[in-house]
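What TrEMBL records for this protein:
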| type | residues | note |
| --- | --- | --- |
| COMPBIAS | 1-15 | compositional bias 'Acidic residues' |
| DOMAIN | 79-485 | domain 'Major facilitator superfamily (MFS) profile' |
| REGION | 1-50 | region 'Disordered' |
| TRANSMEM | 77-97 | transmembrane segment |
| TRANSMEM | 117-137 | transmembrane segment |
| TRANSMEM | 144-165 | transmembrane segment |
| TRANSMEM | 171-191 | transmembrane segment |
| TRANSMEM | 203-225 | transmembrane segment |
| TRANSMEM | 245-265 | transmembrane segment |
| TRANSMEM | 301-320 | transmembrane segment |
| TRANSMEM | 340-360 | transmembrane segment |
| TRANSMEM | 372-389 | transmembrane segment |
| TRANSMEM | 395-420 | transmembrane segment |
| TRANSMEM | 432-449 | transmembrane segment |
| TRANSMEM | 461-480 | transmembrane segment |
Amino acid sequence: MVEDGGGEEEAEGESAEMPAAAAAPPLPRCNGFLPGKEAEEGGRAAPAGGGERAAEAEAMLAAGGGRPETRLSRRRLAVLAVFSCYSLVNAFQWIQYSILSNVFAGFYGVSFTQVDWLSMVYMVAYVPLILPATWLLDARGLRLTALLGSGLNALGAWLKCGSLAPGRYALTLAAQTVCAVAQVFILGLPSRIASVWFGPTEVSTACAVAVLGNQLGTAIGFLLPPVLVPNTPDDIDLMAHNISIMFYGTAIVSTLLFFLTGVVFEEKPKYPPSHSQAVLQTMPPEDYSYKQSIINLFKNIPFVLLLISYGIMTGAFYSVSTLLNQMIVTHYEGEEVNAGRIGLTLVVAGMVGSIICGLWLDYTKTYKQTTLIVYILSFIGLLVFTFTLDLGYLVVVFVTGGVLGFFMTGYLPLGFEFAVEITYPESEGTSSGLLNASAQIFGIIFTLVQGKLTTDYGPRAGNLFLCAWIFVGIILTALIKSDLRRHNVNSGIMNLEVKAVPVDSPVEPESTTLKIQSNL
């Protein structure tokens with residue numbers, strides 16, 4: 001592939017123009033058909049929904065003599081970097097209260113449950129707003145959605161600066177709610193940015209890097225607040241001063257990132273980065289129906305299974321992250337700083353896992369196998385963490401927390417990319433948004449139940465509750481049928497042969513149907 005030529009952009013490599021489908025040698029069939037296409041007698045396919053639109057777009061490209069030239073834009077790296085940074089700040093604001101739950105409970109004079117709601121509000125806000133947010137992404141585009149996410153993130157950060165006094169819990173909750181709304185316009189973008197801006201050999205890695213920004217924000221949120229805001233219950237003024245440093249610093253950084261978003265983000269590159277994007281861009285806009293897209297997704301059984309299993313795994317991660325401080329200080333009193341460091345270890349290990357999984361997917365395209373293996377190892381990791389938490393050795397908790405984070409957090413980009421593959425050509429933002437909505441719903445339920453079990457019976461009971469659900473997720477993941485639709489289009493495995501045959505002609509009735517090249 002090459003970068004956009006001319007002006008600001010220079011060639012980076014070899015042309016990615018692909019040969020016409022007719023010139024390609026027969027390839028083995030790989031996992032099925034375009035969406036809505038099912039095998040019929042004689043190799044025919046019946047059009048339906050999104051698959052029909054993709055087939056028509058393929059036909060237009062084929063009629064033009066083959067695949068178009070695809071190029072990579074140098075701007076893609078800046079877009080990815082800016083998005084990762086403001087996603088980082090949003091995640092930092094999510095966890096900054098929970099990791100200091102005892103500090104903020106004392107500062108505002110509220111219960112631990114009320115402090116937990118400062119984290120859970122992110123989950124609560126996401127569920128009712130995700131459908132409007134994904135509609136906005138599809139109808140108004142990537143740039144406006146990015147500006148809303150980064151702008152609301154900055155607004156919420158500045159509102160927090162007004163809550164720097166005991167008794168202002170309501171204001172800090174309102175400010176956190178604004179940040180939670182910003183999250184709705186952030187979490188669904190990694191797979192969209194990766195698909196729109198990056199080529200087929202780097203799309204999974206790009207998605208992993210975009211998700212990594214959010215994970216890094218969580219990691220910094222575990223590490224920095226306990227250092228900036230030590231627990232000083234006898235000096236509330238000093239505590240307020242320390243909190244103000246954290247709040248004002250976050251507000252300044254988030255405002256700078258908002259302006260950078262306005263400068264860097266564009267709707268899409270001049271040339272499509274992959275053949276699958278070229279097909280989507282060829283579709284007439286009037287053919288797209290957001291309502292029909294949602295219906296198509298819920299009729300897609302593999303996606304529904306992934307929707308539930310992704311929600312279980314990610315919801316469990318949210319719950320563990322929210323309650324980590326309480327679990328650690330239950331067995332290791334006065335170790336708030338180390339609780340933050342354990343959280344940092346968990347997330348940093350997960351970041352490494354995310355990148356390794358993204359690179360592995362770009363190299364092998366083994367989406368289901370990788371997802372299932374990581375799910376099983378996450379289950380084993382949580383069991384080990386659960387039964388070693390109370391041994392009295394913090395170093396053991398650091399190690400088991402790191403192993404748990406490597407697999408549990410490393411799973412996040414796997415779910416995004418697997419969903420895009422099995423739902424192509426439906427919108428990446430819509431599938432990602434539904435996955436995140438599922439994660440928020442499970443996260444709320446898991447946090448409330450695990451929190452109650454931890455308070456009443458101890459951390460082990462709460463963690464075993466999560467283990468049982470993750471085991472259910474393993475079963476659901478094993479049932480998912482791997483139908484790599486986007487990969488098949490990019491690989492030229494699915495092509496159209498289009499001939500000008502009159503509608504009423506009895507000759508060659510299958511000439512305009514979808515052809516699957518096969519050696520079988």
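Cβ atoms are placed via backbone N, Cα and C, with glycine included.
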How does the model score the domain 'Major facilitator superfamily (MFS) profile' (79-485) in terms of mean pLDDT?
86
Dominant neighbour of the transmembrane segment (461-480) in 117-137, 144-165, 245-265, 301-320, 340-360, by Cβ pairs under 8 Å
301-320
Intrachain neighbours beyond the transmembrane segment (144-165), with Cβ under 8 angstroms and 6 or more residues off its ends
83, 86, 89-90, 93, 133, 136-137, 171-172, 174-186, 189, 240, 243-244, 247-248, 250-251, 254-255, 257-258, 261-262, 265, 429
Six or more residues out from either end of the transmembrane segment (301-320), which same-chain residues have a Cβ under 8 Å from its Cβ atoms?
123, 346, 375, 378, 382, 404, 408-409, 411-412, 415, 418-419, 422-423, 431, 434-436, 438-447, 450-451, 463, 466, 469-470, 472-474, 476-477, 479-483
Quick tally over 77-97, 203-225, 245-265, 432-449 of CB pairs under 8 Å to the transmembrane segment (340-360) gives the top stretch as 203-225
Which stretch, 77-97, 245-265, 372-389, 395-420, 432-449, tops the Cβ pairs under 8 Å count with the transmembrane segment (171-191)?
77-97
Same chain, outside the transmembrane segment (432-449) by at least 6, Cβ under 8 Å from its Cβ: which residues?
116, 119-120, 122-124, 126-127, 130-131, 133-134, 137, 187-192, 297, 306-308, 310-312, 314-316, 318-319, 322-323, 415-416, 419-420, 462, 465-466, 469
Segment proximity, the transmembrane segment (372-389) to the transmembrane segment (203-225), 3 or more C-beta pairs under 8 Å
no
In terms of Cβ proximity under 8 Å, which residues at least six beyond the ends of the transmembrane segment (372-389) contact it?
309, 313, 316, 320, 327, 331, 353, 357, 396-397, 400-401, 403-404, 406-408, 410-411, 414, 459-460, 463-464, 466-467, 470-471, 473-474, 477-478
